[in-house]
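For reference, the structure discussed in these notes is given below.
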Amino acid sequence: MEDFDVIVIGAGPAGEVAAGRLAAAGLSTVIVESELAGGECSYWACMPSKALLRPVDLAGEVGRVTGLRLAGPIDAGAVLARRDAVVSQYDDAGQARWLDSAGVTLVRGAGRLAGPRRVEVTTADGGVRTLVANHAVVLATGSRSVIPPVAGLAAAGPWTNREATGARAIPERLVVIGGGVVACEMAQAMRGLGSREVTMLVRGGDLLTRMEPFAGEMVARSLADQGVDIRTHESAEKVERPEPGGEVTVRLASGGTVRADEILVAAGRRSATDDLGLASVGLPESRPVEVDDSMRATGVADGWLYAVGDVNGRALLTHMGKYQARAASDVIVARVRGEADDRPGMRDRADRAGAPQVVFTDPQVCAVGRTEAQARAEGFDVRVVEHDMEQVAGGYLLGEGYRGKAKAVVDERRRVLLGVTFVAPGAAELLHAATIAVTSEVTLDDLWHAVPSYPTVSEVWLRLLEAYGL
Ligand SMILES: Cc1cc2nc3c(=O)[nH]c(=O)nc-3n(C[C@H](O)[C@H](O)[C@H](O)COP(=O)(O)OP(=O)(O)OC[C@H]3O[C@@H](n4cnc5c(N)ncnc54)[C@H](O)[C@@H]3O)c2cc1C
């Protein structure tokens, strides 16, 4: 039996941030990892997907400026090689070194709760190590792809985000199940990198349904212009792949069929809690771990269990998991030291305001706070202002083909922003200003004095305020 002040299970971005901060505060900290330190984000999600999308994005940018033209198609082989470099050739030695330098002990194996403050780690050789926490255990095991119960789908060896972001070659024909963020990003990446046919099967009528409706519409238009075949109100009824690695036939609910070389399932994710021993501490298995705003698991006596990142189901985004990890680790340190554990940084406030998120399609979808529909459903006195971003000098200068739209959702009672969405090429870096305004509840009258430079796309802020009547 080995004892530490804190045990973190899962070395994805959330777990690593928690462990690093706890160790920096002087607590002996161990992190348990069953695959690669760095987690889904580093090897099979954020990083490789953005490496695949970057050249496609840039090609779109080039196409919008008169006088510029790509010399030829994108060199997909070189892009995949760059992706391999971005994911450090799927080797986590660098992360392991960082953990070591941060004073965090890395134990490789699958961690499982075995009662209060106790974790059993099954190592690759089948051995079991028992770790005991003096103060806290932090769950940071992330999430996994959901494979919907479609006949023949699981047996057909579908791609999940792992195979898509880790593709060794670009498939000639790809069928994508889903219309959310991963589906849109990967459909665009594969088509842009050379897939001849990309077909999206979208159960509902729209893409990106959690965002403002115009976001899904603009992304759908861009994907269609790029040649992606989007089938809405459509789903797979049966999937057949007689030969492993051979052609896939998807029988559609509407009656037709689609044939492809690969099938990507991007139909949602679920918290990785299946084999985590939650029952041993009285929590339900196979569900997100419910937490309070200090990331402490609810319903566990003595409050020694925390959950950060995708595993708690609050916001499946790397930056939010890391934010939660900062809050949880500061709370743990304060409680160990007997200090106040309710200082402002120690509570999750950002999730409640609405987490910022960027969808890295072309155009990018950048949103923070509530959508208009959410704000109305929550009973706010809402007013909405919108502006087309190509009408701003900075947008127009980005190219004749540049199109974008901004929307702000205003709380009329307090004259503050409840939510902001930008949909435009390269808009990601605009989002943080909106995040500051929404989470800090800056009044519109104060925003008026934050003068955007000319000629930048940020002048859309001024246009939104003018549209409001300032
Ligand atoms: C294709 C794709 C693209 C994405 N792009 C973005 C993006 O651009 N920006 C963004 O913010 N988010 C993005 N996300 C979401 C982001 O990847 C997740 O929100 C993030 O990885 C969650 O971090 P985490 O630390 O909670 O979990 P993870 O990154 O999933 O890490 C969890 C770790 O825990 C380990 N683990 C699990 N169970 C055990 C166990 N029992 N014992 C030991 N170790 C265990 C796993 O091996 C893993 O290393 C994307 C997701 C996908 C699928």
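Backbone N, Cα and C define each Cβ position, glycine as well.
Together with Gly178, Gly179, Gly180, Val181, Val182, Ala183, Cys184, Glu185, the NAD(+) site in TrEMBL holds one more listed residue from Gly103, Gly256, Gly268, which is Gly268. FAD binds Lys50, Thr141, Gly142, Ser143, Asp310 as TrEMBL records it, and from the list Gly20, Gly111, Gly338 the residue named for this site is Gly111.
Annotation in TrEMBL places Cys41 in a disulphide bond whose other cysteine, of Cys46, Cys366, is Cys46. Each residue in the domain 'Pyridine nucleotide-disulphide oxidoreductase dimerisation' (356-461) gets a DSSP state, and the totals come to 34 helix, 33 strand, 39 coil. The two recorded residues, Ser143 (FAD binding site) and Gly268 (NAD(+) binding site), show a Cα separation of 10 Å. Counting other Cβ atoms within 10 Å of each Cβ, the lowest count among the recorded positions Cys41, Cys46, Val182, Cys184 belongs to Cys46. Taken residue by residue with DSSP, Gly111 (FAD binding site) is part of a strand.
Of the listed binding-site residues Gly111, Gly142, Gly178, Gly180, Gly268, the Cβ environment within 10 Å is emptiest of other Cβ atoms at Gly268.
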